[in-house]
Ligand code: DX5
Ligand code: ZN
């Protein structure tokens, strides 16, 4: 299991040290939540802060857009060359065009599904992306309760990936803890995002290792 700590739950007054600490503690990716106050009822960080995050990070960025104007925001972050740049299918009329645009910048395109969006919505996209992110909470805030129906979605996405011989990874985001990660692993999930679970723990190394099922 790969671990992508969500910096939304980090101490923003101490952001550089927080990012350095999770990278040293075994994070595989640094998950960055960009919210615009329109697609979701919260507003987070823009290019000035994400640039500072990129400088501090020694692991690749995983940028999760929760915005209405995906292309405008993608263009702000593509120069940072994240490993993944993900956008929500619910908010994009021309997903294949945006996927091509992201890939043309040497960045891995990824698509996000809200908890209510069926996996069938990406039947004709799954071969074109590097990763599919399944939300296990309604996007907008850290610290929410895990929605267990994501397990069934992960299983059907895994089946779709195999049937279509696609190459993409599966990521789950929201309410992930040491108590549900084993079920996600069994359902075929490759990467988990975790915010409050890691940043509220006494030891980032310990909580990341528990998500990697190393105990
Ligand atoms: C929610 C964000 C998540 C969030 C996860 O909209 O996309 O990345 O920070 O936080 P936890 O792990 O606390 O649910
Ligand atoms: Zn996220």
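Along the chain as shown, the residues are counted starting at 1.
Each residue, glycine too, has its Cβ placed from N, Cα and C.
According to TrEMBL, the residue from 64, 88 that belongs to the substrate site alongside 6, 140, 141, 142, 143, 173, 174, 175, 195, 196 is 64. A gap of 5 Å separates the Cα atoms of residue 64 (divalent metal cation binding site) and residue 33 (active site, proton acceptor). Residue 173 (active site, proton donor) sits 11 Å from residue 196 (substrate binding site), taking the CA atoms of both as reference points. Site extent for substrate: among the recorded binding residues 6, 64, 140, 141, 142, 143, 173, 174, 175, 195, 196, the largest C-alpha separation is 17 Å.
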